[in-house]
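Peer 1: Right, I'll just put the structure down here and ask away after.
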Amino acid sequence: MKFSELWLREWVNPAIDSDALANQITMAGLEVDGVEPVAGSFHGVVVGEVVECAQHPNADKLRVTKVNVGGDRLLDIVCGAPNCRQGLRVAVATIGAVLPGDFKIKAAKLRGEPSEGMLCSFSELGISDDHSGIIELPADAPIGTDIREYLKLDDNTIEISVTPNRADCLGIIGVARDVAVLNQLPLVEPEIVPVGATIDDTLPITVEAPEACPRYLGRVVKGINVKAPTPLWMKEKLRRCGIRSIDAVVDVTNYVLLELGQPMHAFDKDRIEGGIVVRMAKEGETLVLLDGTEAKLNADTLVIADHNKALAMGGIFGGEHSGVNDETQNVLLECAFFSPLSITGRARRHGLHTDASHRYERGVDPALQHKAMERATRLLIDICGGEAGPVIDITNEATLPKRATITLRRSKLDRLIGHHIADEQVTDILRRLGCEVTEGKDEWQAVAPSWRFDMEIEEDLVEEVARVYGYNNIPDEPVQASLIMGTHREADLSLKRVKTLLNDKGYQEVITYSFVDPKVQQMIHPGVEALLLPSPISVEMSAMRLSLWTGLLATVVYNQNRQQNRVRIFESGLRFVPDTQAPLGIRQDLMLAGVICGNRYEEHWNLAKETVDFYDLKGDLESVLDLTGKLNEVEFRAEANPALHPGQSAAIYLKGERIGFVGVVHPELERKLDLNGRTLVFELEWNKLADRVVPQAREISRFPANRRDIAVVVAENVPAADILSECKKVGVNQVVGVNLFDVYRGKGVAEGYKSLAISLILQDTSRTLEEEEIAATVAKCVEALKERFQASLRD
């Protein structure tokens, strides 16, 4: 935002120079991007009056004038400007004047006629780029007055970056409030006297979208002269704020916009049919904008319409069919509060970014509309004449923003600032900021001013107090903090340790999105309800994941499509499972999952190309589980999972509780996901593994170990893991090792049965076992297997 320093000083005039003022504004949070003089460096230019103006005898495009500059005689000056005429008050550079660019004015002859000065344009004085003619001053401009003094050109344009939370500073009044607070000065607001209605003319106004437009004010002004010139003082203020003068009506609404931060619009009343209706656009409805372009509107766009057509995009841009033109005599002034959410994004959708939409998107003071309407009415009547009707106010109090009531605690204030500010000073700062303050014991109750949308929570008040108090006034103090040593249990298994193990085994860690494609997720978890996002980034990212497999398998496909056929990846992260018993109805579990596919080894001349299988992944998984010290308590059980191959998968159980799955991706799912070749996955509930068994030191036996091998025939559906577990249980005191070293099916073994060759390692820590003891233990194991599994020794 750009504004004139002198305009700001009309509201509040601290006794500091321009540099100090700019620095103060920056430190208040409104970063100053630049300070530039409003005019070039010149002197010797005064107000003059063209007393005579005649055609140059030797040049068609030149005129010979006599100009009164308040001296003893009239000056002869040759001028080429087309708007030079008798009686005009002008800016005259007299002999000896120096204009921008070190251009010195001297007496000269132009085509034989003497010239004792120069009638200046705005561009020649470095005020603007306008070189279409000489400056036309008001008829009451005092002759002989220095033009710098008359036009107040010893001024600067200050440009600031206004952050989105400080929409109140998109008007002079907002910046002035901050400067007044920082310098403990009163705010001198211009006197705005309500304009009484002198006519009864009104237009019916209906608001059909109160959520988008909680307040709408309209006022008819009849009999205006739209061709009346905008006063030079107003043109100059607009120019110094970067706004080009258009006509008196538009200039008035722009002036109020810059002064108060309230956008306004003027409709040609005679082109409105019936009355005003504030509604949402009809899908596909069109509107020809003021710049001549046609906009196709969506149903979520707010429009100002009459009883037959849309007239304007509410809070964004006016329409051509209701705009003010040279023939306009009667206008309807609009001043409204539009909800920021109803404006946000609508302008960009049509390639627009207007001063009005910029302010409405960030928030306009909902208590400002009556003041702005009265200000605009007075300025319009003073410049263009006319008579005003009554103000029609349609307000829906239920949808207007409510002023936040915030409690500021002394303890919170001191802790966040790190410095004690006296109670009286805190109260004074909050009141000067516009808050209604009630003091309590070690706290303040503050009602935020209507123009501060960013004051919502306690931290906002802490920030405001620190900002106004002055960050430079807060002394530097060394941080005093007690160091609390984190507790570390030896039984805690670090997830980082597991990640390192997987890295060592050739896996790479990936991070995928927590929100996934619900269609793909349903393929992996059919029939399981997932949490759907109300405002997703896209349809493909609209559901919270039920497992890490969805993202991991998508990553595999992505890599395979880029000629990466050997993939080993893992991920740790949360899954989100709907659960009515959990807080907020969602259970978040930390999971560890991985995927492998492709060749078992990297390509090598001495290694055969072998594709990974179930046992490759199971072996890697057992290495992970071994870190917990509970591998002997882990069971792999055949259990159905719709995402996995029914004959090459298993559920993982720890002490009878399921903690995950491992297996080959189901062939049908592989086809649907476009996976290239056999793909294997695993997933574990990490929280059920993080508590590891601390290794216990035990005596190493000095006595020899004995191995005995047995081959038992069992039914095909008996898991080998159950056989090994039973052997360990029976020989708990002497059997120190059990291993499956062969599985046989075929000749000598009946159909539907298998032969398991098992090695038993027997050892005692106190003595050498006798053969009879060994035989008895082996027999005991065989007997237990017969009893539980109907196993028989193979002949």
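Cβ coordinates come from backbone N, Cα and C, glycine included.
What Swiss-Prot records for this protein is below:
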| type | residues | note |
| --- | --- | --- |
| DOMAIN | 39-148 | domain 'tRNA-binding' |
| DOMAIN | 401-476 | domain 'B5' |
| BINDING | Asp454, Asp460, Glu463, Glu464 | Mg(2+) binding site |
| DOMAIN | 701-794 | domain 'FDX-ACB' |
Peer 1: So if I measure Cβ to Cβ from Asp454 (Mg(2+) binding site) and keep only same-chain residues at least 6 apart in sequence, which ones fall under 8 Å?
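Peer 2: Looking at Cβ-Cβ distances below 8 Å from Asp454 (Mg(2+) binding site), excluding near sequence neighbours, one finds Asn165, Arg166, Asp460.
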Peer 1: Would you count the other CB atoms within 10 A of the CB of Asp460 (Mg(2+) binding site), including those on all shown protein chains?
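Peer 2: There are 18 such Cβ atoms around Asp460 (Mg(2+) binding site).
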Peer 1: Using DSSP and three states only, what is Asp454 (Mg(2+) binding site)?
Peer 2: coil
Peer 1: Residues with Cβ closer than 8 Å to the Cβ of Glu464 (Mg(2+) binding site), same chain and 6+ apart in sequence?
Peer 2: Ile429, Leu430, Leu433, Met455
Peer 1: Determine the mean pLDDT over the domain 'FDX-ACB' (701-794), rounding to the nearest whole number.
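Peer 2: Summarising the domain 'FDX-ACB' (701-794) by its mean pLDDT gives 91.
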Peer 1: Beyond the listed site residues Asp454, Asp460, Glu463, Glu464, identify every same-chain residue whose Cβ lies within 8 Å of the center of their Cβ atoms for the Mg(2+) site.
Peer 2: Asn165, Arg452, Met455, Glu459, Leu461, Val462, Arg467
Peer 1: Using DSSP reduced to three states, classify Glu463 (Mg(2+) binding site) as helix, strand or coil.
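Peer 2: Assignment for Glu463 (Mg(2+) binding site) reads helix.
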Peer 1: Would you count the other CB atoms within 10 A of the CB of Glu463 (Mg(2+) binding site), including those on all shown protein chains?
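Peer 2: Around the Cβ of Glu463 (Mg(2+) binding site), 16 other Cβ atoms lie within 10 Å.
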Peer 1: Which residue counts does DSSP yield for the domain 'tRNA-binding' (39-148) in the helix, strand and coil classes, in that order?
Peer 2: 5 helix, 48 strand, 57 coil
